[in-house]
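> Below you'll find the structure I mean.
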Amino acid sequence: MSSKLSKKKLKSLEYRSKKFDKKSQSLEEHEKKVQQKNEELEKKAADKISRDELPEKQLAQSNDKDKHSVSNPPHKTLKSKRQKGKNNDRKVILFVGNLPKDSSVETLQLHFKRAGQVPSVRIPTDKTSGRQKGYAFVEFINPKTDVISKALKFHHTIYKERKINIELTAGGGGKTEARMNKIKEKNRKWKEEMRQRVASEEQQAGEEKMARKAVADEGLESGIHPDRLRLLQ
């Protein structure tokens, strides 16, 4: 009986031993799994921190680029601003007719410089022969108040032994019907003013001539030289 009990005990002990070994193995595996999981969590946390830091670096780099672009703007941007400024300029273009065929930009600029501003000049030429067409366009950019009125007074002045004609054009401000009518009205008024000015100058010149003649006649009658008579008067 005792031998049988001992066998049972032995089997029980073997069973318990195997069970314990299994438990120990499962415990080790569990510890390994826990350790792996912790490592994975630590790795994820480190990746998240690096991802959070990356936008800050990128933002700092972006700010540096913005500062650089503000302090040193690209040439293209400056060019577009200059172009925009040019588009906002006020332009007044005069038509100049009855020009000789040997006209030049420089001599026309000198002729109109007396108005108070040097204009840009364009002299159209024939496409086939290359000869001048006998007229030009004189352009004033942002002219001062009295520049255009002075330039218009060069109408019928002499340029290279030619009496030139000057008129306002619709250039530089569009060619709408309202603007064209306005230009026509301005030209009409200006021509009327020119006619009155010429008549006034002719009248004044005639009066001065008559006055000189009267002085000369009086000098002859009195026996005194006309120049001396003017001084005495």
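Each residue, glycine too, has its Cβ placed from N, Cα and C.
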> Could you tell me which of the ranges 114-153, 194-233 is annotated in Swiss-Prot as region 'Disordered'?
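Here Swiss-Prot associates region 'Disordered' with the stretch 194-233.
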> Per-residue pLDDT averaged over the domain 'RRM' (92-171) comes to what?
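For the domain 'RRM' (92-171), the model's average pLDDT rounds to 93.
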> Going by DSSP assignments with H, G and I as helix and E and B as strand, what are the residue counts for the domain 'RRM' (92-171)?
15 helix, 25 strand, 40 coil
